[in-house]
Amino acid sequence: MDIEKTVRGEVRRGERMEFHTTYGIGGPVDLFIVPADTDDLAAAVKYLAGAGIPVFPLGMGSNVLVSDSGFRGAVVCLRGMKNIKEAGENKIFAEAGVPLSQLVEKAASKALSGLEFASGIPGSVGGAVVMNAGAYGAEMEGVILEVTFVEKGGSVKTVSRKDMDFRYRRLVMGEGEIVSSALFLLKPDKEEAVRRRMGENNEKRREKHPLGAKSAGSVFKNPKGPGSEPAGKIIEGLGLKGKRIGDAEVSPLHGNFIVNLGKASARDVLELINIIRKRAMEERGIDLQLEVKVLGEDR
């Protein structure tokens with residue numbers, strides 16, 4: 001049976017990933033699948049596992065750099081899974097494809113606090129959960145009650161917060177698992193106070209981040225440990241802000257962002273990444289670890 005007969009959502013072949021990433025970069029993938037809901041996602045994952053086809057889950061396309069030659073496998077895009085609703089007292093349920101901005105706004109409109117830190121963070125709910133997205137001293141793990149996953153074989157399971165292992169910028173997951181939805185537990189507050197904190201965080205982002213540029217967000221994880229500097233400060237100290245390869249540039253506004261000025265290739269971005277990592281190791285003895293995910297063969 002063809003995948004087109006298995007999935008109720010969209011199935012495209014040879015789709016170029018430049019149209020689906022915030023970098024605007026990326027070659028063709030063998031299969032581009034947009035499931036309609038969790039059951040459809042499970043059916044797609046089961047089919048792909050049985051066919052031995054590699055799978056890469058995608059939300060809104062931030063935090064990923066796809067190679068110029070694309071990906072020999074299936075990209076499963078969760079943007080069709082956008083159900084969001086109140087789910088009991090102080091709780092909000094959201095599917096993986098819901099934009100994080102929509103979840104934050106939903107919480108504010110219900111006078112619920114806890115997600116203000118995520119105001120202005122790009123991407124989807126699923127991606128934010130997988131990356132344990134965080135800012136200003138808060139992370140997703142602090143507001144999650146439970147997460148529903150589709151496992152590699154297509155089975156569906158729901159796991160409570162106490163049984164999950166959140167770490168810095170990642171959730172430890174089983175091989176091939178995909179987040180399909182999450183339930184959030186928030187705290188009641190005054191809507192005015194919630195929106196004030198959101199506004200303050202948004203203002204900080206506008207001042208420090210190249211929000212109008214094509215980027216994937218933070219390229220490197222911030223080093224951990226006593227006295228550690230943020231990655232952006234390290235890169236700035238190396239004199240690399242404004243460094244350019246082709247149309248890829250280390251943002252003059254924030255050193256931990258690499259932006260696409262127009263026609264940057266994945267190879268351009270990777271070359272900048274390698275320069276930064278090499279200089280950080282040679283001059284500071286710091287091994288910068290990637291936060292952005294690299295997909296495809298041109299690594």
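Note: Cβ is positioned from N, Cα and C throughout, glycine not excepted.
Since we're looking at a predicted model, the values are computed, not measured.
A coil conformation is recorded for R169 (active site) in the three-state DSSP classification, outside any helix or strand. What TrEMBL lists as active site is R169 (among others).
Feature annotation from TrEMBL assigns active site, proton donor to S218. Other Cβ atoms within 10 Å of the Cβ of S218 (active site, proton donor), summed over all protein chains shown, number 24.
Feature annotation from TrEMBL assigns active site to E291 (among others). Counting every protein chain shown, the Cβ of E291 (active site) has 19 other Cβ atoms within 10 Å.
The annotation domain 'FAD-binding PCMH-type' is assigned in TrEMBL to 24-189.
Here the region 'Disordered' (197-228) has long-range neighbours at 21-24, 62-65, 104, 108, 113, 116-117, 119-123, 135-136, 168-169, 234-235, 251, 253-254, 256-261, 273, 276, 286, 288-292, meaning same-chain residues at least 6 beyond its ends whose C-beta is under 8 angstroms from one of its own. The region 'Disordered' annotation in TrEMBL covers 197-228.
Looking at the domain 'FAD-binding PCMH-type' (24-189) alone, the prediction's average pLDDT is 96.
Other C-beta atoms found within 10 angstroms of the C-beta of R169 (active site) number 17, with every protein chain shown included. Taking the Cα atom of each, R169 (active site) and E291 (active site) are about 8 angstrom apart.
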